[in-house]
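Per TrEMBL, the features are:
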- 30-97: domain 'DOMON' (DOMAIN)
- 144-268: domain 'Copper type II ascorbate-dependent monooxygenase N-terminal' (DOMAIN)
- 301-446: domain 'Copper type II ascorbate-dependent monooxygenase C-terminal' (DOMAIN)
- 624-646: transmembrane segment (TRANSMEM)
Amino acid sequence: MPFRTVWQVFVCGAFECGVGWFRNPNDAFRFSGKDRHVKKHGNGEPLVDSSQDYVLLLGYENQTHTVLRFKRKLDTCDVAYDVPITNDTMRVIYMYHSKEPHGAFYTPGSLPDPAEAFKQARSLFLTQRINQAPLKPDAHLRTMELLNQDVKLPQGDGTLHWCKMFKLNDINRKHHLIRYEPVFDSSTSASYVYHMILHECQGSSPELEIMSRKNGCPCYLADKSILTCNSIVAAWTRGSEGFSFPSQVGYPLESNQARFYLMETHYSLTANEYSRPSKPKAMVDNSGLRLFYTSSLRGQDAGVLSVGMDPNWRHIIPPGQEHVVSEGHCVGECTQRAFPHDGVHIFAVMMRTHQIGRQIKLRQIRHREELLPIAHDRNTDWNYQEYRRLSAPVRVLPGDRLIAECIYDSSARTAITLGGLTTREETCLVLALYYPRQKELTTCHSLPSLPTVINSLGINELVPGSNPVRIASPPELSGMTLETRLISYDWRNNFRSFQYVTRRGSFKPLCWSAKNQPMPGTENLEGFAPNITKSYKLIRSCSFVGSTNVANVFYQNRNRYVTESETAVRVDDGDDDDDDDDIDSNNVIEGAARSKVSRSSVTESMGLSGGPATFRPLGAVPKMFAFLLFIIFLNSFRIAGAATVTRPARDPLIPQ
């Protein structure tokens, strides 16, 4: 059957589209050259833009793929119908159909009905190239797999945190970890594994030795008092392909320094706005991580610093609110004690919330001045939270304060959401990859103080020693349990006061070392919001000069986490502005999206067959047939009914 292809592009409530197809396999590719849009509340018919901003570079088909390559500026300055493609998480939706346009294809009614097309979706960092760059030839490169052993998957909506200890005996001198990637036991396992975090354990003990000989246990059963495993080595989350360190940086591995490693695996069935997989019968999982390490040492040792809210019930998110702000502080007293005189350089970040998280920002405060945010995502997807590379490392000096700021939308919930480890609970964490590594500070969190929590609920005093906890004053609440107050509180009328108290009240700084102990001198710290007297200025792009849509404002003067094709860390802080006269300098999307999606297709066909994951050439991918194709970029706007971006070779919904 001849191939026929049509594509469209959608950005934040407006389609931007061009149309092209093959009448037969030998026909030249047809492209209308029309940039179109669809009104958010219209009938779905693409309308031709007055400003034409998309340029088709090529189109071709072979036995496995239909390829459309195009470019556009990240910011087209088409205020009416285009939205800039930013560093935010972008939702990409594509659709395909067996029919081609008819008649004058730029006239209304000529295109096939999008409602009848097959849809799939994926979230991407469109301005970032893939994290898994090809490895350079290295005779000293070795691999190892750290795998779980027959972990029984949770049933239904259950969540499981599984901890397994590994002992590494054969790395008897220093190596650098330069890359890691997930290894899935099966496609079912892949839908359950939410994140995998590998921790380095300090020292050696009989308890660690015993744990390393077992298949693992639920993390809550592990004796935390003996676990000195508070340094993160590798962090993988759902949607990620893994991470390759920049060419001058590696994470140090050495059995003489750290022999035991704890892998924490969070199992939770995939659930998102697009699709939900069928619930399988009870089964076990043997997924894990594949590590690539070398004795050819790099110039810098990397470390991971966790910044944010400590997972705890004191992190309260009221129900029925569209904009709830939570802040986790890494206070200056902790960085002052831990960081070297010249500071550390952050080169990548992973920003994490759960289901109702909408925005995450990593703020940097120096003295009383707030610097430009190190990273900011205004459109997070809890099913896609992998490491973002910064275009240039950001230096953090001793005494600087880092703040993980998260914004939640709880408007669809009728009950409060508390901080915790399950996906129904919430989190606000930023994992910062940096160099040079230091072990004095690995976890830098905060937690609202108990006085702040009870004051935010209109409570003056609790009954000492009461169980369940009861309220002593004010008189009108006397005798009520704290739990009842949380459930029955009038959040609608008291939300503003609650938000003010939680953000301006006291909190407990938690500054923990690699040995899972508080840093000396930080045990009794009390923290408050910083008194900022000077801040950065937002520079608006051409699309938003005079715009009142604050959500569309983004930082144009310093793009913190757009990457180049070269993954090396640039230590200098020189001016990296692109040449405005070169149109290609503003078009990294095509390569990023194309490489990311095609790699994902190959990766998923490689590692989900039920056997061990092995590398296969592109030709090993099952044959794929493309018919009508829509490519959609979604930002702050959602479309129901889409699934994932990877399409099967033949789908029963598509006429063959």
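Backbone N, Cα and C define each Cβ position, glycine as well.
Per DSSP, the domain 'Copper type II ascorbate-dependent monooxygenase N-terminal' (144-268) is made up of 19 helix, 58 strand, 48 coil.
Secondary structure of the domain 'DOMON' (30-97) per DSSP, as helix, strand and coil residue counts: 0 helix, 26 strand, 42 coil. When DSSP labels each residue, the domain 'Copper type II ascorbate-dependent monooxygenase C-terminal' (301-446) comes out as 7 helix, 76 strand, 63 coil, counted as helix, strand and coil in that order. Across all of the domain 'DOMON' (30-97), the predicted model scores a mean pLDDT of 76.
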